Structures are given as C-alpha cells and as structure tokens.
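S.K.: Can you read through this structure? Questions will come right after.
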C-alpha cells in the first residue's frame, strides 16, 4: 500500500482539477500498475509481434496514445526481461504514460505533412531531421523516438549521469538503433553549444517523481514541498536551454512524471514570460481519443492516475515561432576528433563484404567513418555537427579490419536488416544467448560467418564450422539465465 505524506495529499488537493476526486486519486495510486510494453517496429511490425506472442499466452490491449504500445496480460509467470524476444530487442517494457512524450513530439499531423512533402511513401520523412532527447537514460523514450524516425536523420541522446550512459547505450544497441549519437553533458549546455540546431527536442525533465507512486509505494513517504524548489530551478534552466537549442519553427516537448503545477505548468509559463510571442503552446487535446479528459486550459496534458489507469504524467508541446537572441558567443570548436571519412575504395570493399557475407546493403543515408582499424556507420546529419561538442559514441560499429577481410560487429547485425539467416529453435536460441556453441544434427560444408536468428529476427553472429555453430556473442551480452515459455 502506498505511503502518503499528509503534506503531499494537501498539495494534490490544491492542484487536482475540480472534476476529479481525491478518493479516486488515492484508490488508483494504491492499485498495481498494468504491465505495458512497446513493440520495436525497427525490427518487427506490431501485427507480426502479436501473431508471434499470442500462442505464448499474451493478451493485448492497445494503448490509445501509442500505436505500438499495449497493456499485456500473460497466462504464465515469466521474467520478461530474460525472454529471447526481449533480449533480441523485439519489445521494450515501458510504462504506458511514458509513451506519451514521443507521441506528442511527432504527432500524426506533422508526420502526415512530412509524408505529403515527399515523393515516396513518407519513409524518409526524417532523413534530414535533427532531434534531441535531453535526458535519455535508460532509453525507453529514446528508442521510441528512433522507431518513429524509422532510423532516419539524427537523434542525439544525452544523459548527465555517467553510470546511466552505459545502460542507455545497451538499450539503444539492443533495439537496433542506428541513427543515434550519445552525449554526456549537463543538458543546460545545449542552448550554448547547439544554438537553434534541432528540429525537435524532448525534455523529459528530472522531477520529484510523484506520478511513480504506483511503481514505488514508498516514493512519497518523506515528501517535502521545499525539496522541489531546487528541482524547479533546474527544470527552468533546462527548458530555457532547450528553447535556445531549438530551430525557429521547431517543436519542444516538456514532460515530467511529477503531478504539481509548480514543476509543470509553471515551468512552461516561465519560458513564455522570458520569450513572449516566440513561445507558442500547442494543444494536445486531439492527440488521441479522449485526450481532452487530461487537457489543461493551455492545451497541456496533465495525466492523473485515475484518468487512464496509468502513472501520473505531464506533457506540454511548445513551438518556437521566431528567432531569439543568443545568450553567449559561439564556443570554439572541439579538436582532435578521432574519426575520418572512409575513402571510396574502403567503402566499396566493406559494402562488398556485407553483401557477399550477409546479403546486407549498407544504407545510403549514412556515412562510413574510420578510426584505426575500425569501421563505423554515422548518420549523415551528424557530419556538420562534428566539433560543436564531444560525443560519447556515434552511430554503430560495423566491422574491424583484419589482415585479410573483416570481422562484423554484433551491433551492426542487430541494426541492419538481412534476409539471409540461420534460424534457431527455442532451445538453440537459449543456448546461443548463454554463450554456448550450437551442435548441428546434419554435418555440412563450413559456411564461415553466419547471422543466427530466432523468429526471423537476428540474435547475433556465429561461425559455421560444418558440425557446429561457434558462438561469437560478445561476452558482456552472455546471460546466465534465459526464460522460455512452457508449451501447453
């Protein structure tokens, strides 16, 4: 049962809209959260995912604000994080409310307009777009944005906490994200370093976390309104930085899992008080059916737990309608960038290796880069931004050059689609993810490097030796335990 501090309840009573009741707020805050997941459409369509998981006892209820999000009920207890489908990046375990900010960032109207302005089916809508996720870890929203962008354009994912950058990268790699650059900064620097650079920005701001009580009953046990004052000042500084980094005509989504006006509406109004008519609040009342139930007078979404039976959340859409003055002179460019553009001959040889070995075509909308004997694939829009700030990691590592030929990297196999794979059974996939070699019943001619897959989606690379598949899974990805569904 949730532990409520009386000061917190008094604060909620002040901010709760008149059409909602405290009784419902307390009742829903004490209910366990429904399990929710998001299908990773970089790897599988949600229809195919439903077809794959329904025989395994999954029941799906669509989440109205995310076309790839579902509340799920399972007919058997299983550690979802240890299932093969999770480890190969077919889905992300993500709270339903947290799927709202990326949806608001690329609401259907804007995607439709982008599609109308292209000659094809709109699949390249984002090819020249530059997007920033200011506070990214652990990566649920980052990977959702990447999927909405169809791995096109450039997504800069920033994380201030050094320990969380590693987790962020692991999730980005698992989900097959190829258009991402990771940075590790206090996000207050973006307004200075990347002034008017981004088409879209998500600021999922650090907050008091009041909306997460259904996940953590002790979250508000020691709640103190005075603790929020420092957080609010940080939030104001971050939203100012985000607005400065936004292009004219661009859109910013500000979100928190806090419930108070102080951390939400007041922060947005602070921005408007600074920049006046350059700040335009966009209405999210029609973002999805019944969005108006959570809509404020400004058009923000203030999601209370009882409205959609979810975590509490706040989402605001803000447009930059005119230029604003730069606060500081442009910083000097960073030097000593360790990568260089690959030469045309190097690119062709590498592309030939991927075609011949795995039937993989390297994407046209990316740039092959070289560092020592390593070959990387960078999203093309990052090239003009090199030197503006330091990057922890850009794009994906494709392969290492050997004395003869190349050695493909695991993350390249997960991010680049290939029709030619060596399909594994449940038990074989389990063995592979536990780092073991796979014995083959029928001996054949050695085939060298092969992509092994499960449910037609890649798991990694093995070396086909004729009588077995030698496991090439990176050691840090080897698992002690894999959860398999029992067959009824």
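Numbers run from 1 along the shown chain.
Cβ coordinates are placed from backbone N, Cα and C, and glycine is handled just like the others.
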S.K.: Besides 135, 136, 137, 138, 139, 140, 141, 186, 204, which of 159, 192, 196, 210 does Swiss-Prot list for that S-adenosyl-L-methionine site?
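M.R.: The one candidate that Swiss-Prot places in that S-adenosyl-L-methionine site: 159.
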S.K.: Across the record's S-adenosyl-L-methionine-binding residues 135, 136, 137, 138, 139, 140, 141, 159, 186, 204, the largest CA-CA distance in angstrom?
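M.R.: Taking every pair among 135, 136, 137, 138, 139, 140, 141, 159, 186, 204, the longest Cα gap is 20 Å.
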S.K.: Given a separation of at least six residues and a C-beta threshold under 8 Å, show me what packs close to residue 137 (S-adenosyl-L-methionine binding site) in the same chain.
M.R.: 159, 161, 164, 165, 167, 168
S.K.: Non-local Cβ contacts of residue 186 (S-adenosyl-L-methionine binding site) (under 8 Å, 6 or more apart, same chain)?
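M.R.: In sequence order, 160 meet the Cβ cut-off.
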S.K.: I'm trying to understand the geometry here, so how far is the Cα atom of residue 139 (S-adenosyl-L-methionine binding site) from the Cα atom of residue 257 (active site, nucleophile), in Å to the nearest whole number?
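M.R.: Residue 139 (S-adenosyl-L-methionine binding site) to residue 257 (active site, nucleophile), Cα-Cα distance: 16 Å.
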S.K.: When neighbour density is defined as the number of other C-beta atoms within 10 angstroms of a residue's C-beta, which of the recorded positions 135, 139, 141, 257 has the lowest density?
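M.R.: Counting other Cβ atoms within 10 Å of each of the recorded positions 135, 139, 141, 257 gives the minimum at 135.
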